[in-house]
Structures are given as structure tokens and as C-alpha cells.
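Peer 1: Okay, here's the structure, questions in a sec.
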Amino acid sequence: MKLRLGVNIDHVATIRNARGGDHPDPVRAAIMAAAAGADGITAHLREDRRHITDNDIDRLMAEIDLPLNLEMAATEEMLDIALRHRPHAACIVPERREERTTEGGLDAAGQQDHLAYFVDELTDAGIRVSLFIEPSERQIDAAVRLGAPVVELHTGRYAHVDGEERTAELKRIADCAALAAKNGIEPHAGHGLTFDNVVPVAAVPQIAELNIGHFLIGEAIFTGLEASVRRMRELMDAAR
Ligand code: PXP
């Protein structure tokens, strides 16, 4: 099974928004990422619109050929937007206004009643729902109960620890990917992945997609976006 790469373009918008105006354009970045081997584009429309805007979502839907994975909080506002645009996929993420990024996974187990409505509404609209969760059996079990077709395993902790702790975290990710697949759920993974840490995660055979953003956009400052995406693709392909 080929491992897909979803390129998250949020931080192109972060740089644009630092000055207002149109440059750099995240839609142009999405088109370049596609040319460099991305299989999908991921964008997180946050409640505070700190990077991606509603207009970016309009343009991404109209102007790119790749499937769009819309990351969204489980709120009525985001649900309306998703139902209006019908992206290929919606990844439900936890969102706290004061956090710098999505710092932890969704508590799918603790919030099952709240999430069930969003999973059902999105699914009924033909949108492939993914739940961004910590790699834990409890969360996978909740995803099974919710009927989500996809889970995205949060690799943030894996990315931020070293040595034995990283080995243990990788095992949690691999075990959860296997458990998800056994239950008919497609496992994805993402957060904090870089050229230096992507290979062991990419080598987990059940994982079907990685969503990577901050590092690729940062690296693009030095090497260009195409080179940055191409290198990530090569590392991912070599790991399989
Ligand atoms: N997957 C999800 C669900 C995310 O929220 C994010 C960050 O927005 C990513 C993947 C990408 O993480 P990073 O920007 O650290 O590569």
C-alpha cells in the first residue's frame, strides 16, 4: 500500500497574515505541493482564523485538483462550513483558543456523545471523517463506537521525546495503527514530523497517510517548497 502525503499549508497563511495582503498564497503552495508529489492538501480553519481563512477554503475547493482534508473543531460553525463545501475529508481536532497548535488529541472516549452528531452529519454528507486522537486503545475503541472510517494518530509526543521514550511512543503508534486496521479503521498519523523522525512512522505498515505541515513550510524557506515536499516523499517511499 502506497503511503499518502497530505501537505498542510496553514503556515503559508501564517506568514501571509503577518502582513495582511495576499502573499504568500496558500493556494499557490497547494498547487506546488501537488506538483512535488503530495497526494492531498490539509488545511485547518481555526475559530480565530489565525492562518487559513474562509476565502482560502473557497479557493482551495475551487482551484486545486487534490483532495482537501479540512481540519475542524466539532462546532456548529465549522460543521456548516464543511457541509457547504463538502471537502473530501474532515479531520475533527480539539481546539483551544490559547494553544499555539493542536497540542493533544481529541478525547473521543470522553466526548463521545458530543462527537457522534458531528461524525454522523459529516458522514451523511459524503465527507470522510477522521478523528485526531492520541495513540491509545481507549481512543481507538471510541472511534470504533463512533463509526469513524479514519483515525489520525497524534505523533506530537513521539516527535518531542528521545531515546527509550521515543521507542515506547513509536510502539504505541504502531500498536494503535494495527488495532485500528483490525477494526476496519484506516489509520493516518501526523504532527511534528520532520525529515529526521518521519521514517519509523512511515514504516508502520497499516498507516495509510501522513499529514505534515510546519516542518515542510519551514524547510521551504531554505530549499523551496517543491524540494522540501519531494524530499519528504522520498523518505516516506523508502520507508515502505
Ligand atoms: N494533523 C493534524 C490533525 C494537525 O492538527 C496538524 C497541525 O495542524 C498536523 C497534522 C500537522 O502538524 P505539523 O504542522 O506539526 O506537521
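Here the Cβ of each residue, glycine as well, is placed from N, Cα and C on the backbone.
If you look up TrEMBL, you'll see HIS44, GLU71 marked as active site, proton acceptor. Positions annotated as active site, proton donor by TrEMBL: HIS191. Residues or ranges marked as 3-amino-2-oxopropyl phosphate binding site in TrEMBL: ASN8, ARG19, GLY192, GLY213, HIS214. The annotation 1-deoxy-D-xylulose 5-phosphate binding site is assigned in TrEMBL to ASP10, HIS11, ARG46, HIS51, THR101. According to TrEMBL, the feature site 'Transition state stabilizer' maps to GLU152.
In the displayed structure, how are the listed features positioned relative to their neighbours?
Peer 2: A simple way to gauge crowding: the CB of HIS44 (active site, proton acceptor) has 23 other CB atoms within 10 angstroms, across all the protein chains here.
Its own atom aside, the Cβ of GLU71 (active site, proton acceptor) has 28 Cβ atoms within 10 angstroms in the protein chains shown. GLU71 (active site, proton acceptor) carries a strand DSSP state (E or B).
DSSP gives HIS191 (active site, proton donor) a coil state; it is part of no helix or strand.
In this view, HIS11 (1-deoxy-D-xylulose 5-phosphate binding site) is surrounded by 21 other Cβ atoms within 10 Å of its Cβ, with every protein chain counted.
DSSP classifies GLU152 (site 'Transition state stabilizer') as strand under the three-state reduction. Counting every protein chain shown, 30 other Cβ atoms lie within 10 Å of the Cβ of GLU152 (site 'Transition state stabilizer').
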Peer 1: Measuring Cβ to any atom of ligand 1 with a strict under-6 Å cutoff, which of the binding-site residues ASN8, HIS11, ARG19, ARG46, HIS51 qualify?
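Peer 2: The ones that qualify, in sequence order, are ASN8.
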Peer 1: Using the residues the record lists for 3-amino-2-oxopropyl phosphate (ASN8, ARG19, GLY192, GLY213, HIS214), what whole-number Å value is the largest Cα to Cα distance?
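Peer 2: Greatest Cα-Cα span of the listed binding residues: 26 Å.
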Peer 1: Closest to GLU152 (site 'Transition state stabilizer'): which of the recorded positions ASP10, ARG46, HIS191, GLY213, going by Cα position?
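Peer 2: Going through ASP10, ARG46, HIS191, GLY213 one by one, the Cα closest to that of GLU152 (site 'Transition state stabilizer') is HIS191.
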Peer 1: DSSP on ASN8 (3-amino-2-oxopropyl phosphate binding site), three-state: which is it?
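Peer 2: In the DSSP reduction, ASN8 (3-amino-2-oxopropyl phosphate binding site) maps to strand.
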Peer 1: On the three-state reduction of DSSP, what should I expect for HIS214 (3-amino-2-oxopropyl phosphate binding site)?
Peer 2: helix
Peer 1: Let's check the environment of GLY192 (3-amino-2-oxopropyl phosphate binding site): how many other CB atoms sit within 10 Å of its CB?
Peer 2: 18
